[in-house]
Amino acid sequence: METDVGATTSEEANGSRAEKKPTVIFVLGGPGSGKGTQCAYIVEHFGFTHFSAGDLLRAEIKSGSENGLMIKSMINEGKIVPSEVTVKLLRQAMEESGNDKFLIDGFPRNDENRAAFEAVTGIEPAFVLFFDCPEEEMERRILNRNQERDDDNIETIRKRFKVFLESSLPVVQYYESIGKVHKIDAARPIEEVFESVKAVFTSINEKDD
Ligand SMILES: Nc1ncnc2c1ncn2[C@@H]1O[C@H](COP(=O)(O)OP(=O)(O)O)[C@@H](O)[C@H]1O
Ligand SMILES: Nc1ccn([C@@H]2O[C@H](COP(=O)(O)OP(=O)(O)O)[C@@H](O)[C@H]2O)c(=O)n1
Ligand SMILES: [Mg+2]
């Protein structure tokens, strides 16, 4: 029987009314698979705010932060920066954005990243987009990328591929095991890849209606 009409909930009464958690989609795939490129299109069409973990780390180096040198040397070695640093940057960026729908690209890159984000934010991704692309194609794309990144040289690229296989693919496999992965064939022209991406977002929106 409904007897509490007009009453405050216990959450309101103690001042800690739970806010709705933001929607987060993780965008994963090897280096050069097209994560950043596709995120730009998703933002245009579906109103998400996009954060690239790599971009946030590069901005942190530029800002002259005390972690800058450590981050720079890890990126140049293709290694994964400790989650403490990356999760803090992501959380700050999300808070400052004012939006509640996020595409997080290039994160989580290992199990430590995944567990730390969940522990700190309490957020689990709505789903995960995984851009599947052969290494030769990713290598070709990175070597043509022209973003003047210190890590876009053949020696570091090979290290990044190794880290991707050893540490990042297991995260994708974890999300696959709980049915959250939408795998996209990323070895096609940009527009064709986006057609598949669009189909994923459209079907999710329809489910919500
Ligand atoms: N489907 C595609 N076909 C060919 N080149 C692509 C495709 N998607 C992205 N690129 C190009 O490949 C490079 C890497 O793409 P980017 O989006 O930066 O990948 P990631 O963020 O996964 O490393 C960029 O120069 C981009 O313009
Ligand atoms: N979650 C993350 C993401 C990136 N990084 C670092 O940043 C580098 C570049 O990441 P990125 O996502 O910009 O690279 P791409 O996959 O876009 O080529 C990685 O090789 C790591 O050294 C990290 O340590 N942790
Ligand atoms: Mg990128």
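Cβ coordinates come from backbone N, Cα and C, glycine included.
Heads up, TrEMBL stuff is auto-annotated, nobody curated it.
Just one of Arg58, Arg145, Arg149, Arg158 is listed by TrEMBL for the same ATP site as Gly32, Ser33, Gly34, Lys35, Gly36, Thr37, Arg188, and that one is Arg145. Between Ser33 (ATP binding site) and Arg58 (ribonucleoside 5'-phosphate binding site), the C-alpha separation comes to 19 Å. Of the recorded residues, Arg149 (ribonucleoside 5'-phosphate binding site) and Lys35 (ATP binding site) place their C-alpha atoms 16 Å from one another. Taken in sequence order, the binding-site residues Ser33, Lys35, Gly36, Asn113 that lie near ligand 3, meaning a CB under 6 Å from one of its atoms, are Lys35, Gly36.
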